[in-house]
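J.: One structure is given below, represented as structure tokens, and several questions about it will come after.
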Amino acid sequence: MPRHREGLHRSDITEAIDATVDPKGSGEELTDVEWEEAPPPAPLWRSRILIPAVLMIAVVAVVWWTVSWLTTPGISDSETVPASVPLSAGAASAESSVQRGSPTADGSSEQAQSDDEAIVHVAGQVRTPGIVRLPASSRVVDAVQAAGGPTDEARLDLVNLAAPLTDGAQILVPGSDDAATSPPGTVPSGAAAGAGGAGAATVNVNRADATALESLPGIGPALAQRIIDHREQVGPFGSFDDLDAVSGIGPAMLERLDGLVSW
């Protein structure tokens, strides 16, 4: 029995081998069949790294552009560009020897003064009243020319144009109305220095502007404006004592103004 089983077993194996070599029994050995292999799938790690990297580069680029734009220097609104202002032509003597003081925040003029200069205030009937600086040897006529020259209404016959300048004096050039309303004995314009060394001058309170009024002792911008408002609302001053009606002018102020004003 064992030998029979072994023989059957071997025959089965032989038939199986023959079927493998040639299933149809032709006796020809079969060749291996070549199979086409599918392409390997793309690795997932590439896409997982590439997308975040692109997003990171985009974010960095946006941040860099924003910082560069914000830090770019520009011209602020508060900066101003200085412009050159041409000076108006005046008299020949003014062009060569006059320098105007530059106004400060409180309206006054800061000027450097040397021993060979005289600073005077020219007011009244001149084209450009104000502070002028001239050589100490100058005359009143030089100061009038430095202030732009007289107007058509100026009464130069009432001004001593030959008088030498006194530093700190006021030169008031009167007009026709000033000469008519000035009381006897008043001097409506700058003149030579008296025995005390001070320049004589008066200010017509009915015609003087704020600048001329501020040249009087004790009168500042506010009080000068009140004097102007009073004469415009009430009328011209008829006497020296009428100034007492202006708020801020009392007996002490009237004593300081006595002999320095006309009306």
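Residue positions begin at 1 at the first shown residue.
Using N, Cα and C of the backbone, Cβ positions are placed for all residues, glycine too.
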J.: Out of 18-37, 178-197, let me know the one TrEMBL marks region 'Disordered'.
T.: 178-197
J.: If we skip the immediate neighbours and take only residues 6+ beyond the ends of the domain 'Helix-hairpin-helix DNA-binding motif class 1' (211-230), which ones have a Cβ under 8 Å from one of its Cβ atoms?
T.: 107, 121, 123-124, 129-130, 170, 172, 203, 205, 243, 245-249, 253, 256-257, 260-261
J.: Taking helix as H, G and I and strand as E and B in DSSP, count the residues of the domain 'Helix-hairpin-helix DNA-binding motif class 1' (241-260) in helix, strand and coil.
T.: 12 helix, 0 strand, 8 coil
